[in-house]
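**Student:** Provided herewith is a single structure, encoded as structure tokens, for subsequent inquiry.
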Amino acid sequence: MGNRVAREDFEWVYTDQPHADRRKEILAKYPEIKSLMGPDLRLKWIVCMMVVIQFLAFYLIKDLDWKWVLFWTYAFGSCINHSMTLAIHEISHNTAFGNNKAMWNRYFAMFANLPIGLPYSASFKRYHLDHHRYLGGDGVDVDIPTDFEGWFFCTRFRKFVWIILQPLFYAIRPLCINPKPISQLEVTNVVFQLSFNFLLYWLWGAKPVVYMLAGSMLGMGLHPISGHFIAEHYMFLKGHETYSYYGSLNLLTFNVGYHNEHHDFPSIPGRRLPMVKKIAAEYYDDLPQYTSWVKVLYDFIMDDALSPYSRVKRTLKGDVKQE
């Protein structure tokens, strides 16, 4: 558990990200894929159902013993809350109401944020679009770990701890890499969320609040679903910076596992990404892919060639227009 990872820096490349060129090539060959773009009319109803389920869970656990509160927090609440973060990911691409109703998507994302407990949606939108536009961009893409993470979390045990602490690093990384002025929407998100948290505590006490916040932290840490954080862009094979996952957990995560397809066509809702893979199969079938996020986590920890440094990084050229 004490072996140090051999990597001492990121994988610096001097080429553009592959997704824009592949998108052009696929659309030229299969123009019918354009018909898959646009909002997913089911998404808002699925999100509303999930919010209601968590509200019901808040009520049901308020009188349970603490041991059962903690059990259901990890067994159920963490799954729902992580899934809700991926619903917010979907909504950030305007797939709930479409591009013509951008603000409807922003406020709906704040509604979806409520069961998570941490004001997250408005900031996520701003940084996530940069991740798509400038994948691996030095000083812009905050999905890339900091140099401290790559330097310090360099043994198996430290990588294990790093995965547990993923929510912490995702929260502080933007402040270290690419801090932005606070927007009015972010202020609204914070006020809306903290008011809800206080109301929940006032109505039903501390247990639902612990269930909510701990569920979010646990669900994005050492949890099977959190394997997608590692699976999406960590370089298990040299020369490949985006990977897809085609396992059953896509059913709970709005098909975020179809990650090559998502980066190629970010305006296509997750529900339709399997159709992209089916239509343009020759572009995706031979790319590196996963069928188990749990195995991804295990391999990342145990493989001494992998660390937070195992990411493709590039220096951006020209004007950088951020969200």
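Keep in mind that glycine also has a Cβ here, set from the backbone N, Cα and C atoms.
Caution: TrEMBL annotation is automatic and unverified by curators.
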**Student:** Of the ranges 107-124, 269-286, 287-304, which one does TrEMBL flag as transmembrane segment?
**Tutor:** 107-124
**Student:** Given the ranges 68-87, 188-207, which one is assigned the annotation transmembrane segment in TrEMBL?
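**Tutor:** That would be 68-87, per the transmembrane segment entry in TrEMBL.
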**Student:** Give the mean pLDDT for the domain 'Sphingolipid delta4-desaturase N-terminal' (5-43) on the 0 to 100 scale.
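**Tutor:** Summing pLDDT over the domain 'Sphingolipid delta4-desaturase N-terminal' (5-43) and dividing by its length gives 94.
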